[in-house]
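Chemist: For reference, the structure I am asking about is given below.
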Amino acid sequence: MSNELYDVTIIGAGPVGLFAAFYSGLRSMKTKIIDAEPAVGGKVRYFFPEKIIRDIGGIPAISGANLVANLKEQAETFHPEIVCNERVVNVVKLTDGTFQLTSQNGSIHFSKTIVIATGSGTFEVNRLEALHAENFPEAIYYDVKNMEQFRDKVVAVSGGGNSAIDWAQTIEPIAREVHLIYRGEDFKAHEESVKALKKSRVQIHIHHEISELTGFNNQLSATTLYCKQTKTTKTISTDALIVNHGVKVDLGTMAEWGFELADFGIVVDDEMKTTVPGIFACGDSASYSRKIRIIAAGLHEGPIAINSAKKYLEPAAADEAMISTHHESFIN
Ligand SMILES: Cc1cc2nc3c(=O)[nH]c(=O)nc-3n(C[C@H](O)[C@H](O)[C@H](O)COP(=O)(O)OP(=O)(O)OC[C@H]3O[C@@H](n4cnc5c(N)ncnc54)[C@H](O)[C@@H]3O)c2cc1C
């Protein structure tokens with residue numbers, strides 16, 4: 001345990017926390033970044049490392065894994081302290097105005113300011129609830145880290161949101177068959193994705209949910225689907241099952257850290273200040289009118305939060321960092 005005092009501690013090493021760590025280096029701030037997960041990358045690493053992301057300006061297409069690798073490399077430019085596997089469970093302001101952060105494992109960290117980039121909190125996927133699901137842990141996927149494992153397989157995808165539709169379509173060209181199973185009727189996904197899905201080879205089973213898995217020796221062979229409308233069942237042969245039943249997000253103890261929370265996050269002003277002086281928020285964790293929860297938006301908010309932290313520590317400091325091409329670290 002180190003008593004070292006940092007200028008800024010960023011809680012959350014998702015895309016936004018990582019870019020904020022780079023930017024705080026541009027501002028010569030001694031920086032620590034802490035994440036509950038075993039590796040950096042946030043939701044992108046956890047949920048969609050193989051998905052192709054196409055809505056970041058200047059990057060027409062990039063896989064989640066490559067984006068995380070790039071962000072990590074960029075974050076490391078100024079050598080921040082990166083701490084993984086630690087969930088921050090408590091933050092208190094000490095009498096000298098600095099902050100003490102405590103992790104679930106008892107580690108203590110000290111910082112003059114805090115930037116919260118915790119997304120929607122720590123995440124845990126909703127598991128499949130179906131008869132015998134516990135017998136086939138190796139055939140059930142809650143995220144997809146390696147698409148090749150579905151080549152020439154019969155794959156069932158369960159869910160009706162963007163992720164389920166994305167995955168059904170992404171693996172369709174390489175899988176032998178893809179079945180999309182959705183208990184509702186109207187998919188909760190982008191219109192264009194739904195249109196493309198309906199034109200694809202994916203076999204769609206609306207009004208159905210998975211009731212039972214069957215197989216032998218932990219090898220999945222079939223999925224039984226129950227139709228909620230007709231109250232009948234049917235069975236489809238299945239080698240692998242991708243489950244996208246949403247995620248439980250947990251803000252944890254954050255409600256006790258003193259700042260105001262809104263329905264979808266931490267209330268911030270246009271300088272990314274929370275209601276606690278010295279604590280700032282950005283990315284998916286920040287809440288304000290017209291907030292967009294995409295990576296590109298967070299990449300803008302991270303630097304604003306860092307600039308506000310810098311000005312909190314040094315009111316006479318410049319409002320923002322020198323643009324990188326003119327920054328002394330990159331000359332020569
Ligand atoms: C399936 C899916 C597909 C998506 N597709 C796209 C897309 O194509 N394009 C796009 O722009 N956006 C997409 N998004 C949204 C995008 O993932 C988020 O906008 C982005 O990840 C937000 O980054 P962040 O750094 O703010 O938060 P996150 O990525 O959520 O990272 C937050 C990090 O904080 C950590 N954390 C939380 N609480 C604590 C704590 N108490 N202590 C320590 N660590 C903590 C978490 O472990 C996590 O690593 C998608 C999201 C999902 C779920």
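The backbone N, Cα and C atoms fix where each Cβ goes, glycine too.
Any TrEMBL annotation is an automated prediction that lacks curation.
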Chemist: What does TrEMBL list, out of Asp35, Asp96, Asp270, as binding the same FAD as Lys43, Phe48, Val88, Phe123, Asp284, Thr325?
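Modeler: Of the residues offered, the record points to Asp35.
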Chemist: Which binding-site residues out of Asp35, Phe123, Asp284 lie by ligand 1, going by a Cβ under 6 Å?
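Modeler: Passing the 6 Å Cβ check against ligand 1: Asp35, Asp284.
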Chemist: Considering each pair of residues in Asp35, Lys43, Phe48, Val88, Phe123, Asp284, Thr325, all listed as binding FAD, report the largest CA to CA distance in Å, no decimals.
Modeler: 37
Chemist: Which three-state DSSP class does Phe123 (FAD binding site) fall into?
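Modeler: Going by the DSSP assignment, Phe123 (FAD binding site) falls within a strand, counted as strand.
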